[in-house]
Amino acid sequence: MSSLLLFNDKSRALQADIVAVQSQVVYGSVGNSIAVPAIKQNGLNVFAVPTVLLSNTPHYDTFYGGAIPDEWFSGYLRALQERDALRQLRAVTTGYMGTASQIKILAEWLTALRKDHPDLLIMVDPVIGDIDSGIYVKPDLPEAYRQYLLPLAQGITPNIFELEILTGKNCRDLDSAIAAAKSLLSDTLKWVVITSASGNEENQEMQVAVVSADSVNVISHSRVKTDLKGTGDLFCAQLISGLLKGKALNDAVHRAGLRVLEVMRYTQQHESDELILPPLAEA
């Protein structure tokens with residue numbers, strides 16, 4: 001093995017702006033399979049850490065793969081530090097997690113990482129389920145989010161259903177959802193972006209609520225009728241990219257929503273069941 005050791009000059013290590021921890025598929029455009037190209041389109045470098053590796057989403061007639069073993073998962077995280085690839089790290093994002101033990105491992109890694117990066121932005125998309133499907137992750141994941149990841153996050157991006165699960169509060173109207181989001185805020189958790197706040201079905205609108213301790217901003221977007229998967233992952237990728245490029249939170253949320261709409265319409269025009277990224281018009 002020693003004869004294969006070529007790269008031990010850590011001063012030459014490739015550096016990341018973002019570490020993205022979430023699912024990966026061989027076929028399709030969900031999780032890091034859509035987030036990584038979207039982030040790179042924004043001129044940012046990202047390292048992808050998979051939590052599950054799947055052939056495709058379960059919405060096809062065949063489906064293979066599963067959660068990454070804990071030993072591998074912890075090794076992926078540890079290797080980034082062993083390669084000295086995190087000197088310029090600015091943010092860590094999380095999406096679909098395979099197991100509660102992964103969440104605990106990730107939280108321990110983030111806690112240690114923050115000692116060297118006190119300004120690190122940690123953004124958690126607490127993927128648990130949705131109103132139509134209910135909980136579609138393992139039943140011990142919601143408590144793992146509450147116990148391990150929420151205390152570390154500066155921002156989270158739940159949908160209405162996930163907000164209900166995390167808070168134990170009914171969130172089916174906008175005021176109750178905002179109140180529930182505010183109940184999660186802390187000295188660490190500065191903002192909650194509710195990605196499916198109550199919209200106007202008749203006017204074909206959907207709403208995103210940006211909630212912080214001193215403000216609430218509700219952003220409306222056109223509703224696109226589609227079964228496309230991965231739009232939430234794309235939204236989070238665009239949001240973190242906007243924040244790292246210096247956009248204010250409300251502006252970054254607004255621009256992320258517009259980009260998702262653009263991608264969805266572009267995908268529909270190309271008659272694809274999987275998201276297709278058009279060129280990024282704005283630098």
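Heads up, the Cβ atoms here are built off N, Cα and C, so glycines get one too.
What Swiss-Prot annotates here:
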BINDING   Ser23, His59, Asp233  substrate binding site
BINDING   Asp125, Thr157, Glu162, Thr195, His221, Ser222, Arg223, Val224, Thr231  ATP binding site
BINDING   Tyr136, Glu162  Mg(2+) binding site
Rounding to the nearest whole angstrom, report the longest C-alpha distance spanning Asp125, Thr157, Glu162, Thr195, His221, Ser222, Arg223, Val224, Thr231, listed for ATP.
22
Subset of binding-site residues (Ser23, His59, Tyr136) lying within 10 A of Asp125 (ATP binding site), CA to CA, in sequence order
none
Pop the Cα-Cα gap between Asp233 (substrate binding site) and Arg223 (ATP binding site) into the table, whole Å please.
17
What does DSSP assign Tyr136 (Mg(2+) binding site), in three states?
coil
Name them in sequence order: residues not among Ser23, His59, Asp233 whose Cβ is within 8 Å of the mean position of the Cβ atoms defining the substrate site.
Val25, Gly28, Val30, Gly31, Ser33, Thr57, Tyr96, Lys229, Gly230
If you count CB neighbours within 10 Å, which one among the binding-site residues Ser23, Thr231 has the smallest count?
Thr231
What is the interatomic distance between the Cα atoms of Glu162 (ATP binding site) and Ser23 (substrate binding site), given in whole Å?
18
If you count CB neighbours within 10 Å, which one among the binding-site residues Asp125, Glu162, Asp233 has the smallest count?
Glu162
For Asp233 (substrate binding site) and Tyr136 (Mg(2+) binding site), determine the Cα separation and express it in whole Å.
16
